[in-house]
Amino acid sequence: MRPLNAAELLKSRSQDHKLAKPQFLSKKKRLELQRAKEDEEREKTELKRKTNTLKRSSPSEPETILDQKDTSTANKKRKKRFNFEWDDEEDTSSQLEPMMAYPTSNNDFLPAEEHWSDKKLEDMTSRDWRIFKEDFSITCKGNNIPNPLRSWKESGIPTTLLNTIDQLGYKEPTPIQRAAIPTALGHRDVVGIAETGSGKTLAFLIPLLSYLSAIDKDYMEVEHKQESNLNKVLGLVLAPTRELALQISKEAKKFASVLGYNVVTIIGGHQYEETVKSVQDGAHIVVATPGRLIDSAEKGLIDLSQCYHLTMDEADRMIDMGFEKALQSILSFLPSTSSSGFGLDSTIFKVKSRITLMFTATISPPIEKITKDYLQTPAYLYIGDAGEIVDNINQKFEYLGDNVDSQEELNAPRTNKMISALRQHIRETEQPLIIIFANFKRTCELLSVELSNQNVGSNIVIHGSKSQEARESAIASFREHKVNVLIATDVAARGIDIPNVSLVVNYHMPKRFDEYIHRIGRTGRAGKSGASLSFVDDGDSEILVNLKSFLSKGTKRLPDWLLRHPAVQSLTLKD
C-alpha cells in the first residue's frame, strides 16, 4: 500500500483543526444544514428503493447495479461505516414493500390488557376468572359452579345483611368466602376444603343469614312465634368442640343482634335449663356439638323437622373424635335432602331441598361417605395448599434421639431447651402469645409449675379434666393477653380462634401427623407469618415420613437429622 502524500496529511490536519474549534451558527445556517441532511437521506432512501426494484425485476443479473456504481465512491463509503459479516444483498429487512399504506401510529405496541380488578363484572372473560382464581388459590370441582365474589357489593347478598357486614368492618372477602358464598346462596351443597383461620365462619354464616331473611315473613312473625313452634330449629351449625361452638356463636350473635335473630348454643358443660330458656326467643340459629344436640333432640328440647339449612364445620375433626355415628343420627332427625320439594314447606322456606354445607381441612374416606350419602351433587371448593402453611410458619425442630419423654416427670434436656427458646422469643417479640402442646395432662401441670418457678412469662393450663367454665375462662384470659402462655393438650388444638399467636411449641409431637398440622395452624393464620418449635425423639418415628413429605412442599431446606433418620429411609409414606 502506497503511503499518503505529506501535502494531503497537512491539508487533512488543517481541516480537522477547524472542526475541533466550536463555531457559532446562526438559526438560518442551522436550518440550511438540517434541510441538506434531510435531502441527502431522502436521496439515499430513493436510490435504495430503486436498487431493490431492479434486483427483483432482473434476478438473473444480481451484479448489474453494483457494476454501474463508482468503485471509488463505494470504497470511501465502506471506510466510513461498520462492515457486517454479511453482504447488503442478504439484508432481508430492506426488501419490504407493503401492498398498501398503513396509517402511522404514535405507539408501536398494543395496549396492555386490562386487569380484572379494573373491569366491570359483566366484562369479565373466562381468562379473567381463571386469573382471579389463581390469585386467590381457589380450585373448584363440580358442574355449574358460580364464579367467586370479587367484592361484597357484587355478591347478591340482601341489602340489610350487606349493611351489617360493612358496619362490622369486614372490608374484603377471604378466598373461602369468595368461593363458598355465591355457591351456597344458590342453594347448592358445598364441600369447602380450607385450613382453620381462613374465614370459614363467615363463609357459612352469611348464606345461613340470607336463607333466614328469605323465609316467608308471615311464618317468621306469626307462626314461628307460637309456643309450639319456638323450639323448631331453622338453621343448624355443628362443631366438634365446645370451644369452636362458642366461637361460632359469638360471631353469629354479632349479626343476629342487628338482624333480629336468636342464636342458641347447645354444648356440654351447660345445663339443659339454659337450652330451654334460650329457645324461648326462637331457635333461629342453633350452634351445637353432636353429642349434646342428640340428647336435646331426644328429650324434645329442640325440633329439627323444619331445619333445611345444615352446616358441619371441621367435619374431619368430628370424624376423628368418633362422631361419625352421631352425625348420621343427627342427619336422620333432619328433613331428607328432597322432602322440602313437596308441600307447603317449599313455599314457606323458599327451597327445593335441604342445603348442606361441609367444611373440612382434609378429605378422608369417612368424609367422602357422608358426602355421598347426605349431600346432593356438591361443589368442591379447595383453598390454597399445604405449601402455604409450610412457608407461612418458620418451623424449627430439636431432635433428641433416643431421649424419649415420659408422663411421670419432665425431661430435663427437653425442658431446658424449651425454656431457653421461650425466653428469647418473649424478649424479641412484642406482645407474644405462646401455645405449648403436650400429650399428657400431668405434663401440662408440671410445665406450668416449672415455667412459674423459672419466671418465664405468665401461663395458664387447659385440658380435658378442666371444667367447661375453667376452660372458657382460660381461653378468654389468653385471648385478652392477661397471660401470654397457654399450656394445652389437643383439646385446644382445633377450633378456638385466637388471633396473633406468635409461637407454637410441641413439647411432645402428636401421635398422628394431621394433629401436627392442626397444632401449628394456631400460628401463621390469615396470611400472617408465625413460628413453631417441635421436640422430636425416636418415639415419633411413625410420623417422620409424613413430616418429611409435608416439609418438602415448602421452599426451605429439610433438617439433616430428618433426611438421615432410619424411619425416613425405610418406611413408605402412609396415605
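Using the three backbone atoms N, Cα and C, a Cβ is placed for every residue, glycine included.
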Per Swiss-Prot, the range holding motif 'Q motif', considering 92-120, 150-178: 150-178
Of the residue ranges 133-136, 281-284, 313-316, the one that Swiss-Prot records as motif 'DEAD box': 313-316
Surrounding residues of the motif 'DEAD box' (313-316) on its own chain - C-beta under 8 Å, 6+ positions past either end: 196, 200-201, 204, 237-240, 244, 248, 327, 358-364, 367, 370, 494-495, 514
For the motif 'DEAD box' (313-316), the number of residues DSSP places in helix, strand and coil: 2 helix, 0 strand, 2 coil
Among Glu195, Gly197, Thr201, the one of these binding-site residues whose Cβ has the fewest neighbouring Cβ atoms within 10 Å: Gly197
Among Ala194, Ser198, Gly199, Lys200, the one of these binding-site residues whose Cβ has the fewest neighbouring Cβ atoms within 10 Å: Gly199
Per-residue pLDDT averaged over the motif 'DEAD box' (313-316), given as an integer: 90
